[in-house]
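*Asks:* Before anything else, here's the structure in question.
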Amino acid sequence: MRTLWQHCHAATLAEGRYSIIEDAAIVTCAGLIEWIGPRAELQPFEVDRTVDLSGAWVTPGLIDCHTHAVFGGNRSGEFEQRLQGVSYADIAAQGGGIASTVRATRAASEDELFASARQRVQALMRDGVTTIEVKSGYGLDLANERKMLRVARRLADELPLAVRATCLAAHALPPEYAGRSDDYIAHICDEMLPALAAEGLVDAVDAFCEHLAFSPAQVEKVFIKAHALGLPVKLHAEQLSSLHGSSLAARYQALSADHLEFMTEEDAIAMAKAGTVAVLLPGAFYFLRETQLPPMDALRRHGVKIALASDLNPGTSPGLSLRLMLNMGCTLFRMTPEEALAGVTLHAATALGLGDSHGSLEVGKVADFVAWQISRPADLAYWLGGDLPKRVVRKGHEISN
Ligand code: NIG
Ligand code: FE
């Protein structure tokens, strides 16, 4: 079915940058964008259907390129502890933090994990999100990492959105490996990654490079194995301290390095050279009440692509709105609304290895877009949450939300 979408303006993000078309027309066919441009230049197409978008602004479907949307339980009790002054690192050292979510995730069935993740993902979708990444990392053994990754695949099967599944087995040390972190890394490389990859459950491999998680040398072993299996890598780096994980990630042509508050200018240079996207996570920065800002000027100066994501997780960013992250990226990190929009479309797609098919409104790309009833694109970063009136199109078909 060929559809003409008109009476709209478009923020296309075409050709790698923020750009707009006023009074635009879009033709979609077989799930792809067949034509987009000023309506005045539209050639006569044989269309099956014409849709009047009532003057909406059309953007690419939003992409949340860093989530931990699948998990058991929640950690609002730790939130209360932190409000009393206990730090995230102290809570982790006392057996809370990620370890407590690991206990709850292991105890949950696959159906229970699916049911709770589905609700969270539907909240993201109500904000115009059409693609998400989902990480494992709260199972930390083969059976439970598999369970999480299967839930990620099932989300894509049962909801109208694209899901990239990332194996984050190197998120934290499971209790059964206490004091034996090198052994756990070997177990990930020798058993977990090969099995999960063979089952087709993994699109990328991530790790948490931090004093309270894994060292750069340990992360490198995971990266080497990932590459041997033909899988791209990503990294949680420089969130709480500077270990130059982002430079390590760049050396392994990582799709992205994420968090990055403590990164240096040298890290930014390495990432720019490698084309590794900087994924900034203002929700975690805000929720942990961090004060060290990511080095925006260095990232811009060296031309690093900047993405924004929710980091939706129970410990550091229980964030159910990607648009709220646009606002936080602007208010907390001083991004412009245009940078923020590029960060949840164009650059988020690249951070997932989907730059050729998603993230902009261009001929040949998947017809995922949102028609927002707003006066200007900057409105998307302006409103603090809420439900903006919009129509969401996934693979050329309007979905209800
Ligand atoms: O992205 N940094 C590590 N991982 C998550 C936090 C996970 C948790 O605390 O449960 C993050 O912030
Ligand atoms: Fe994360």
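The chain as shown is numbered from 1 upward.
Note that Cβ sites are derived from N, Cα and C of the backbone, with glycine treated the same way.
Remember, TrEMBL labels are computer predictions, not curated facts.
From a predicted model like this one, the values you see are computed outputs, not experimental measurements.
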*Asks:* Among His171, His211, His302, His347, which residue does TrEMBL name as a further 4-imidazolone-5-propanoate binder in the site formed by Arg75, Tyr138, Gln239, Thr316?
*Replies:* His171
*Asks:* Since TrEMBL lists His66, His68, His236 for Fe(3+), which candidate among Asp141, Asp297, Asp311 does it give for that site as well?
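*Replies:* TrEMBL names Asp311 for this Fe(3+) site.
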*Asks:* Of all the binding-site residues given, namely His66, His68, Arg75, His236, which is spatially nearest to Gly315 (N-formimidoyl-L-glutamate binding site) at the Cα level?
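*Replies:* So, spelling it out, the nearest of the binding-site residues is Arg75.
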*Asks:* Should we count any of the binding-site residues His66, Tyr138, Asp311, Asn313 as near ligand 1, judged by a CB under 6 A from one of its atoms, and which?
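*Replies:* With ligand 1 as the reference and 6 Å as the Cβ limit, the list reads Asp311, Asn313.
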*Asks:* Could you check the binding-site residues His171, His236 and say which one's CB has the fewest neighbouring CB atoms inside 10 Å?
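*Replies:* Checked His171, His236; of these binding-site residues, fewest Cβ neighbours within 10 Å: His171.
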*Asks:* Near ligand 2, which of the binding-site residues Tyr138, Gln239, Asp311, Gly315 have CB less than 6 Å from any of its atoms?
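*Replies:* So the answer is Asp311.
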*Asks:* Mind checking which of His66, His68, Arg75 has the fewest other CB atoms within 10 A of its CB? They're the binding-site residues.
*Replies:* Arg75
*Asks:* Averaging the per-residue pLDDT over the domain 'Amidohydrolase-related' (57-397), what integer do you get?
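*Replies:* Result for the domain 'Amidohydrolase-related' (57-397): average pLDDT 97.
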*Asks:* Assuming the binding residues for N-formimidoyl-L-glutamate are exactly those in the record, Tyr138, Asn313, Gly315, what is the maximum CA-CA distance in angstrom, rounded?
*Replies:* 11
